[in-house]
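Student: Got a structure here, written out as structure tokens. Questions coming.
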Amino acid sequence: MADNGDDEDHYRIKEGDYVVLKRGDIYKSVQILPKKKVIFEKQWIFLDNVVGCLYGNTFEIRSGGGLQLQNTKTTESPPDSKVAGTDNRNIIDDGKSQKLTKDDIEKLKDQGLKGQEIIQQLIENSATFSNKTEYAQDKYIKKKKKKYENTVTVLRPTCRILAMMYHGREPGKICHLRYDTLAQMLTLANIHANSKVLVFETCAGLVLGSIMERMGGHGTVVQMFPGGGPVRAGVESFGFPAHFYETLHEFPICHLNALEAGILDTFAKAPDAGEKESNMTAEEEDVLPGADPQGDSPEEQRMETVSADDKVQDQKKQEEEKRREAKAQEKKVKQEEKQRKLAAAAARLDGRNADGLVIASRFHPCPVLLRLLRFLSPSRPFVVYSQYLEPLIECYTKLKEQGGAVSLKLTDTWLRHYQDIVPAERPEFSRNSPPTRGRDCCRGVAPPPLKSSFISDVVLRLFHVLNPLYKNKIFTKNP
Amino acid sequence: MSFVEYSEVIQDSDVAIIYLGHNSVMPVKVQHGAQTQTRYGVIRHSSDLIGQRYGSKVTCSKGGWVYVLHPTPELWTVSLPHRTQILYTTDIATITMMLDLKPGSVVCESGTGSGSLSHAILRTIAPTGHLHTVEFHQQRAEKAAEEFREHRVSHLVTVRNQDVCKDGFGVMGVADAIFLDIPSPWEAVGHAKAALKKHGGRLCSFSPCIEQVQKTAEALTDHGFEEINTLEVLLRVHDVRTVSLPLPDFGPDCSAHPEPDAMEAPPPAPSQTSINIKTTTPPRELPGHTGYLTFATKPRT
């Protein structure tokens, strides 16, 4: 069935949506807020005009930062597209090929010329352009596009886009986790709807969000977190609907010992004990244990001896008292909510029946893995990522010694991008050329070598492991 | 048991995975009264499998033991009976993420082949998505449909026995993603475009040869696809092992002035002859080339 106009709404950008801005290979995650200035690629823009437009639309950045929907696809090739040289033996690099000066270009910009038009001008005023080979011309256009193109595309966030964005912009925040490695992890851990997954990550929430995306709001995710609170900025960027968050739980690892000893409830009831997550200010801390409005507080005793002149002051004190009570009440409600959430998360863990475990953090993976494995059902996969090899060797060795896991593999993935398979800037050319012939057969020249960049930079170590087994059994050796 | 949902206990008519040892797994159709031969002996389904927990150790008749595992698409990929060359988990994982697959996605795939990728897609798009898979070889199409039934996923998939280059995927305007693993993908690009939703979608074409990639990329451009990019993913496995490195012997210590109290000190212990380190070694052979993955986006039409 073809889709009808009703679900068009699903594809429209709304205020408050989390989107990803894109230009070329540059991505940036932002929230659509009215009158909010957003900086993207050294330009200030306002996103107000995109509300109501469709995801995937491309916009021109007008002077002043407003966005205007790009009406037509302005990808006409420059007029000299068919004229090209064969090699660069006669091209002299004297820096004088371009007739337009920097000022000229600025004037064109001020006149309101679009990026495509500026590039056109540059080509027409270049003395050497028509002598360049086709590939050099493509490269030139690509370079100018990068510099003068003034457009931005608004995309719906997905794991793929956000993983590439984080890796390109802030790899340090995600432990340098490359997007193809993340892809391997999600598949190897068999992340799917209606399962229960444990996650321990310090990747700004990117790994957690990716897992939630692959679960589609079905099932349970328990995020184990170190320190005061779980970091989830990355999860917000996915723009999940509210009901996804009903499947998400969090549990502080500082309570793991208590949980396993069975004394978690009593431990958490004590107001000061271990409540590092609470946002208590010093003032409220003072109020909370002692704020008992029913008792005979000093204020009340003082009020009995007050004189008429102090009535205003009394009123003030009463109001202050009320505010303190309200705050204390709020605090109480928040604490109860926190208790409830903690109990809910603990309940999810108590069964020791998680279906998957994913670890990707700056912490030493070995103790984390050995501890969290206890919560995994038998015959379920787990995956550990580390930026460094040695900690994973330790994990591997310890697991082999203690038993309880099979099909352990320590791997990493290498990724290679191939460029310029078909240059997209020259649609006319590829349309006009006879379909059966390759690009250069008409000139009798062998196809050029494809450019590729082999990404093996941060040699990522992925610990690929399948299927822990029945843990507490006595393994008898093979006779 | 199903390939899209876990269960705890092995039951009759389940498909279970027997783990025999490193890199050795085999699938088994669990049936009352049936037996399976392994190199460690016989496994009797009624007594050894049915009613046992997935993940248990099973002792075979000769005395050796194996593990019984719950099936996953990844285990299936390394244990399934090959009818064609298949895609392995490394490529499958990349494809899954780059096509933005998730629960609810509608995917069209051709050719089905041995169903390696199909099972992985089904796992990812369950419970609300659907897979339309096209296979032009009749027996393979039938075998795939039979396996989907046995694996309890047939409600999520439609198998069509036709030629995708001539007749397309059998659906129009419903797909979020298309996957092509056929000899001439450029001939199917038009059909792929028609099968994708009007709002747009993703496409991936897998080809072993770069010439195929070039032709496909050209066809994609002609049909208005954008963000065309090609990549290759290779998996490298690290062998963890303890290595013993001998220490050199430079001869006995020849210091000229013996200490006054040297007589009291015991003679020095013999120095270590080697140091053990735990390290990894790369495998002997570099990972092999499987194919190039070309991705593209169909914009809204």
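Count begins at 1; order follows the chain as displayed.
Just so it is clear, glycine is given a Cβ too, placed from its N, Cα and C backbone atoms.
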Student: What does TrEMBL list, out of B:Glu135, B:Glu187, as binding the same S-adenosyl-L-methionine as B:Ser114, B:Gly115, B:Ser116, B:Leu117, B:Asp181?
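Tutor: When TrEMBL describes the S-adenosyl-L-methionine site, the candidate it includes is B:Glu135.
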Student: Across all chains shown, how many C-beta atoms besides its own are within 10 angstroms of the C-beta of B:Ser116 (S-adenosyl-L-methionine binding site)?
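Tutor: Here the count is 23.
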Student: Just to be sure I understand, if DSSP states are collapsed into helix, strand and coil, how many residues of the compositional bias 'Polar residues' (B:271-282) fall in each?
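Tutor: Looking at the compositional bias 'Polar residues' (B:271-282) with DSSP, the answer is 0 helix, 8 strand, 4 coil.
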Student: What's the most sparsely packed of the binding-site residues B:Ser114, B:Leu117, B:Glu135, counting other C-beta atoms within 10 A?
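Tutor: Across B:Ser114, B:Leu117, B:Glu135, these binding-site residues, the one with fewest Cβ atoms within 10 Å is B:Ser114.
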Student: Please state how far apart, in Å and to a whole number, the two most distant Cα atoms are among B:Ser114, B:Gly115, B:Ser116, B:Leu117, B:Glu135, B:Asp181, the recorded S-adenosyl-L-methionine-binding residues.
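Tutor: With B:Ser114, B:Gly115, B:Ser116, B:Leu117, B:Glu135, B:Asp181 as the binding residues for S-adenosyl-L-methionine, the largest Cα distance is 13 Å.
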